[in-house]
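Peer 1: Structure provided below as structure tokens; questions to follow.
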Amino acid sequence: MSLFANSFPPRHRQSPQHRQGQPPVLKTSPGWSPPAPRCPRGGCRRSRGCWCRRTAGGPAPKPHPFGPLPRPAGCLELVKRQLFRVGEDWYFLFVLGVLMALISFMMDLIVFRLYEAHRWLYQEVGDYLVLKYLSWTIYPVAMAAFSTGFSQSITPHSGGSGIPELKTILTGVVLEEYLAIKNFGAKVVGLTCTLACGSTIFLGKVGPFVHLSAMAAAYLGKMRTSVMREYEDKFKQNEMLVAAQAVGVATVFGAPISGVLFSIEVMSSHFAVRDYWRGFFAATCGAFMFRLLAVFNSEQETIAAIFKSDLKIDFPFDLPETFFFMILGAICGAIACAYLFCQRWLLAAVRENRLTGRLLATDKPLYSALVVLLLASITFPPGLGQLMASRLSMKEHLISLFDNRTWGVLAQNASVPPAVPGDPQRLWQEWSHPSATIFGTLAFFLLMKFWMLTLATTLPLPAGYFMPIFIYGAAIGRLIGEVVALLFPHGLRVEATTHPIVPGGYALAGAAAFSGAVTHSISTALLVCEATGHLAHVLPVVLAVLVANAIAQKCQPSFYDGTIIVKKLPYLPRIRSRHMASYRVVVEEFMDRRVVAVAKGDGFEEVLAALSATTDGEYPVVESAGRVRAARGHGGRGDTSPGGRGDTSPGSCPPRVTHPVMLQLSPWTSLHQAHHLFELLKLQHIFVTRSHNRVGQALKNPQISPKACSYLSNGVIPPSPGPSPCNGATSLAVPPIPNLCRAP
């Protein structure tokens, strides 16, 4: 019995050959050799590089008095667990805010140096008019051409602001090339050159910085998954992108609160409250670091507002002035509607025109150079530029428009010394001209910049469009404030006490109202207060913003929605009509009835025929092709190759590549409910079934549901297909609208 036990040792004493299914090597066999002794420190069986092999032949090392020493890998795991105990999101959001603040500050510093070089070149050429013209025009033309050529040579998706594409990505559409890391470098360099052109082309950096923050967040998210060794979750990436939007605005204006609110209003149709703290934390880190760097660079003594203003706080406005602020909001809303219509029309016309379309397709730097040459020639200071304050930078424009004094009174003083460059107290003199009044220069500025800003939006270079409309609105408010001050030179009388009119307060309200009307946002009222550090005019500013938004949202889509429409991006617009009859529009009236389905028992040939029939990315999988039952799942185009994962038999459809259908709609579901599900769940399609039979598919496609939304926006209600199966009621009888539904 003992011999039998020695012949078959226990499993922990078996040789590797025995464990692999080979005959065991017994101790009495000729090929048997004793196992190597284990290392007392690591159990490595004396490998070649081990410490115990290098000291072979000597005495065995004594055990450590405090136990075995921890390995380096174990130390790293312990440190990582301790650091990420409070949550790894804090660290990555902090890094995101600090990184974007550094980039924003360095970009402003480089742009300031380049702009000062252009100003120095213009002054050093002397009084030769031809040399002045060449120095004024060639510099921005070269910068714009280089910006376009460099960014487009790296990636064609670096032009524009990037906010329309981000809105599309946040709805669930995959646009990977817009968040690529190579696009980050192209946009940083191109945006720097664009801003170096100064007020010649009048472009900003808010939109591109939101795009840059999103790209940085996507890259940091990938780093996070590699560090944490986790699967890259789509919803986690979406949370980082939502926080990145607020960082982009906060690191430009140094306004964290309005940055979060602006990103929610402009970018998201639905916002999760759990993402609120992420946005505020990242935006606060970015804004604090951005202003702290200005203190370190001796630009300011302490952390203060980015646009200084000396508006009166003891008595900022009289109560009857709220009427003029409402008029200002109505004027800004009307001008915003005209601007949005002209911008969208011109952007589409430039793309469809044969000459400009060919230039944009083959030679974009040449198109940018020609447009910038035209704009620079108009803003030439000895020419029309002297009536438009063209020698001021973008920041100096805002500082001068927010001036506390009344320009009409200052212009009457003939003993005013000449303006000194960089002196904020004398910047208003750039708006004064001997042959025109203050009202004339402001009106001419608004008239010329209206079409110049519209033309500048067609340039295929990295640029932002929020700062130009912000300054344009401030000019509208300044003009209205100067007119009110002219009509009431001693102020409005309230209880026998006179208080002078402050035109700078109207400039604040105009900047917030016009920019809010163009972007369809209310948070611009708070943005103005945070950027200037002035809160006394917050109530009239909010009132003007509300009036302007009420007019603009009723008449025109926002600036970014209009760009999405022109670019034909797959974005679902909101339903503007809230009439009771619009809730009677059901899914059956606009769903896609021509849906190619795959039966559960179909073979590879049937699946291949379905793939060849349409270009859809996903197909519904049903129980049987004879009697079409409800959709049991859906499969992707890239998952149905023979021999792929889940291919269990040569003639069957792979069962593991299908995904279960989590949501189905009834044909009598209202359009508002379907639209809400598309926005909330970020879906691309929803299957429609009736009595467990598949009827059609409601798609988030720019040719289907947005068409119905556009009809609802115009107040037109399509007819109901018939009596409702629930209560037998019919919808509002209106003439049939052709091409609203696809033919069955």
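Glycine too: its Cβ is placed from the backbone N, Cα and C atoms.
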Peer 1: I'm validating the feature mapping. Which of 121-144, 241-264 is tagged transmembrane segment in TrEMBL?
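Peer 2: Based on what TrEMBL states, transmembrane segment spans 241-264.
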Peer 1: Against which stretches of its own chain does the transmembrane segment (276-296) lie, if we need a Cβ under 8 Å and a gap of at least six residues from its ends?
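Peer 2: 89-90, 93-94, 96-98, 100-102, 104-105, 239-240, 242-247, 249-251, 253-257, 259-260, 263-264, 302-304, 306.
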Peer 1: Which one, 90-112, 322-346, 465-488, 534-552, has the most C-beta pairs under 8 Å toward the transmembrane segment (500-522)?
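Peer 2: It is 465-488 that shares the most Cβ pairs under 8 Å with the transmembrane segment (500-522).
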Peer 1: So, taking each listed stretch (90-112, 322-346, 366-385, 465-488, 534-552) in turn and counting its Cβ pairs to the transmembrane segment (241-264) that are under 8 angstroms, which one gives the highest count?
Peer 2: 90-112
Peer 1: Can you name the far-off residues of the same chain, 6+ from the ends of the transmembrane segment (366-385), with a Cβ under 8 Å from a Cβ of it?
Peer 2: 129, 132-133, 136-137, 140-141, 144-145, 147-148, 197, 199-202, 356, 359-360, 391, 448, 452, 455-456, 458-461
Peer 1: Counting CB pairs under 8 Å, which listed stretch among 436-459, 465-488, 534-552 touches the transmembrane segment (322-346) the most?
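Peer 2: Checked against 436-459, 465-488, 534-552; highest Cβ contact count belongs to 534-552.
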